[in-house]
Amino acid sequence: MAGPRVEVDGGIMEGGGQILRVSTALSCLLGLPLRVQKIRAGRSTPGLSSVGWKSKIRVLVRPQHLSGLEMVRDLCDGQLEGAEIGSTEIMFTPEKIKGGTHTADTKTAGSVCLLMQVSMPCVLFAASPSELRLKGGTNAEMAPQIDYTAMVFKPIVEKFGFTFNCDIKMRGYYPKGGGEVIVRMSPVKQLNPINLTDRGSVTKIYGRAFVAGVLPFKVAKDMAAAAVRCIRKEIRDLYVNIQPVQEPKDQAFGNGSGIIIIAETSTGCLFAGSSLGKRGVNADKVGIEAAEVLLANLRHGGAVDEYLQDQLIIFMALASGISRIKTGPVTLHTQTAIHFAEQLAKAKFTVKKSEDEEDASKDTYIIECQGIGMTNPNL
């Protein structure tokens, strides 16, 4: 199976975690031996460390990249060298992707959602159904919250022609983690291309504001009320339904709070804004931050929000045919994912300013991809 090693520069663009996730997943899928060098050279701490999602905090959970790399290695009985904390270079030699039960544990509040991002494309092309047991943070900084994954990512990514089940067994928060999510999915022969270019009009806004552990329920109510007030200033004609939730003691480990708000459109597009509570930050402020992120995502005219963009790239690259998504400003994460999907999978992407009249005054783009039509050799 092994051919010449593909050389990847881990220090360019977004650097670090995201390059490792995209390149090892593609290496595993395509059977390409890989060497990633200069890992996180662009960040303040070189070497394997945290996974930057919004790159606000430089270093958060060091072991987290490792659990993702080890998971991909185990999914395909591959060989992994140099995968230790502080390493600036890894070598990965993939073998055949297998189904069955796979466990990954960040041992910290490292994000289970990022573990899902690296493993999901791989197990779609396994020989049999898979169960992924992912342990760590479910609602952690610098990564999508599990509610985003379940309520936004899942229904949209399933348009590629597969389904998965996401069972939240236990929620875990920063700094302890302790959460567990079980993802079950069956393999596919091929992925269908998607077209997400017609945004439609917003028909529903809903969400959940949660507290867990020792935090008082009033915090959840305050986050929800502040978010509703903020959205009403801009969108007056829709009922905004944000449920305050006290997470049950047996379903949440440690203390945490946060909010996610979702807007749904007439064409089935989904957008979100979310925020996590932090020590010393007033609950109203957390609710308003989530509302403002959602409203910003509704202003740009795109059909996907800024967090979905980069998560769809690998699926577009693997699909059979031409996929198109309309987005707001193209994020660095998305540019990074496109770069490596082109380098490793040889998919062809174009990013152009949207030419639709209604987008003329907005920062709106069409990302188009001619996918490689990956087929599952096992089916």
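Even glycines carry a Cβ here, placed using N, Cα and C.
Just so you know, TrEMBL annotations never went through curation; they're auto-generated.
Annotated active site, tele-AMP-histidine intermediate per TrEMBL: His333, in sequence order.
The annotation ATP binding site is assigned in TrEMBL to Gln117, Tyr307, Leu308, Gln309, Asp310, Gln311. All protein chains considered, the CB of Gln309 (ATP binding site) has 23 other CB atoms within 10 Å.
The domain 'RNA 3'-terminal phosphate cyclase' annotation in TrEMBL covers 13-351.
What TrEMBL records for 197-298 is domain 'RNA 3'-terminal phosphate cyclase insert'.
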CB-centroid shell, 8 A cutoff, ATP site Gln117, Tyr307, Leu308, Gln309, Asp310, Gln311, site residues removed: Pro144, Phe153, Leu312, Ile313, His333, Thr334
The domain 'RNA 3'-terminal phosphate cyclase insert' (197-298): DSSP-derived helix, strand, coil residue counts: 37 helix, 37 strand, 28 coil
Whole-number Å value for how far His333 (active site, tele-AMP-histidine intermediate) lies from Gln309 (ATP binding site) (Cα to Cα): 8
Residues that sit under 8 angstroms from Gln311 (ATP binding site) by C-beta distance, when 6+ apart in the chain: Gln117, Pro144, Phe153, Val157
